[in-house]
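Chemist: First the structure, then my questions, so here it is.
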Amino acid sequence: MATRIENKKLSKSSSAWMKEHIDDHYVQKAQKDGYRARAAYKLLEINEKTNLIKKGMTVVDLGSAPGSWSQVAGHLVGEKGILIASDILPMDTLPDVTFIQGDFREPEVFDRIMAEVGDRQVDVVLSDMAPNTAGNSAIDQPRMMYLCELAVDFALATLPEGGALIMKVFQGEGTQELRKQMQADFSKIRSIKPGASRPRSKEIFWIAIK
């Protein structure tokens, strides 16, 4: 059943966002193509440019809910690959995707993820994680940087040499410092702004090769 939203109860900014969302080309395309969110096209474009996710690979998707990146990555790795998704939020099941609900910082959850990896190696770590934004960069940016640091720590703990981290970043305070720190552990870091990212968005994606 559709949810009715009364415009009079929305602020001007919320109403503008809702109109932008409904009119968004990628939102409409995602609904048509069966993706859970428009973010799917960001990963599709990134992989078209980098060809990092391939058939038979093992991929871990951090902060996976609602699952659009898992949909894309699961298709890319194919039947012989492994896609492990994890989020503190619930996520509806997807074919050939192993979902582990919980905080990957916790040893129990981390161990469950690695148990699914088994004797394979993690080829790619994905992170489309973002905080619930307050619209205040002084609050939002530190929260985002913290999530980025968590993704980097996970990647360093799991990726072999040559493995890749694909991670969303908000451009702002702390990003250059984090990039400099990562250069000690990653041989190459590339930035991509996919076409599916809204022009006004501060988000970019880093592709880091260990």
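Numbering starts at 1 and runs along the chain as it is shown here.
Every residue, even glycine, has its Cβ placed from backbone N, Cα and C.
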Chemist: Taking ASP103, ASP111, ASP153 as the options, which does Swiss-Prot list with GLY67, TRP69, ASP87, ASP128 at the S-adenosyl-L-methionine site?
Modeler: ASP103
Chemist: Whole number in angstrom, please: the longest C-alpha to C-alpha distance across GLY67, TRP69, ASP87, ASP103, ASP128 for S-adenosyl-L-methionine.
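Modeler: Per the listed residues, the maximum Cα distance equals 18 Å.
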